[in-house]
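Noted in Swiss-Prot for the protein shown:
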- Thr28, Leu95, His242: acetate binding site (BINDING)
- Ser94: active site, nucleophile (ACT_SITE)
- Asp215: active site, charge relay system (ACT_SITE)
- His242: active site, charge relay system (ACT_SITE)
Amino acid sequence: MNKVKVGDAQVSYCIDGKGPGLVLVHGTGGDSETNWGHLMPALTNDWTVVRPDYSGSGITSDEGKQLEVKEIAAQVVAAAEAARVVPFDLVGFSLGSAVVIAIAADYPHLVRRIVLLGAFLSSRDIRQKTQFELWRDLIRTDRAALSRLILLTGFSPDFISKQGHDGVSVIINSFVSEINWEGMARQVELDLSIDVSEAARRIEKPTLVIGCSHDHIVPSSQAKSVVRIIRGAQYTELHTGHLAHIENPEEFILLLRSFLLSEDVP
């Protein structure tokens, strides 16, 4: 594990593989390992993959102040620069997609292409706002209940049913034990306040937006809103829940590789 100092934060990040730079940005409550670790064998032969843990995740440490998207974007960029992989392709998941949007808008000279999975621009939508407020409350009062809620809203019904009782228990228990709950609480506050709409309008990089047809955390309508704002963005959809890269990593990797390795993409 590597570290780079950014403001008051000591940002941890992983480097794997060889080739051009590919930076993966995790989502709320996730980290570089739980969101991306299982995908490394499919990526590291073609890219040098950098996986930062932004504030609130992994072993990254800071003073605990309120999170801002520009500061998290700066942390991700600093990790990429420290790893010497600029320019790079960027992949963001959920809150990480909002961070990627901010980076592509504010650091265009560093970015080649971007992929956004389960993306949203803001939580102005009342359903999304209510959901994140519920997450915030359950982090304080009942983390096991929140873990069950994330399972039910984060995966497709068929995927959950196929796990059986024991499989579902394993997933729930892994959420309870592996999530950095205090850090997630800070990230949820950012989910509630974030708005990268203006940044999205400034993006001029090739962009692939991946929605998820069974997503009940960030419905695919949110991803389609991103497509309407980013000039020239492509849209495709996976038949999964929000946690598509965990539910169906093979299909996610196929989409990722097809876009990032395409000779038709500048």
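Yeah, the Cβs are placed from backbone N, Cα and C, and that goes for glycine too.
Positions of the features from Swiss-Prot, shown on the structure.
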residue: Thr28; record: acetate binding site; DSSP class: coil
residue: Ser94; record: active site, nucleophile; DSSP class: coil
residue: Asp215; record: active site, charge relay system; DSSP class: coil
residue: His242; record: acetate binding site; DSSP class: coil
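Rounded to a whole number, the C-alpha distance linking His242 (acetate binding site) with Ser94 (active site, nucleophile) is 8 angstrom.
For the recorded acetate site, residues Thr28, Leu95, His242 set the reference point as the centre of their Cβ atoms, and the other residues of that chain within 8 Å of it by Cβ are Gly27, Gly29, Gly30, Phe93, Ser94, Gly96, Gly118, Asp191, Ile217, Val218. Maximum intra-site Cα distance, acetate binding residues Thr28, Leu95, His242: 12 Å. Counting other Cβ atoms within 10 Å of each Cβ, the lowest count among the recorded positions Thr28, Ser94 belongs to Thr28. The closest partner of Asp215 (active site, charge relay system) among the recorded positions, by CA position, is Ser94; the full candidate set was Thr28, Ser94, Leu95. Within 10 Å of the C-beta of Leu95 (acetate binding site) we count 28 further C-beta atoms, all protein chains included.
The two recorded residues, Ser94 (active site, nucleophile) and Thr28 (acetate binding site), have Cα atoms 7 Å apart. Its Cβ taken as reference, His242 (acetate binding site) is surrounded by 26 other Cβ atoms within 10 Å in the chains shown. Neighbour density for Asp215 (active site, charge relay system): within 10 A of its CB lie 26 other CB atoms from the protein chains shown.
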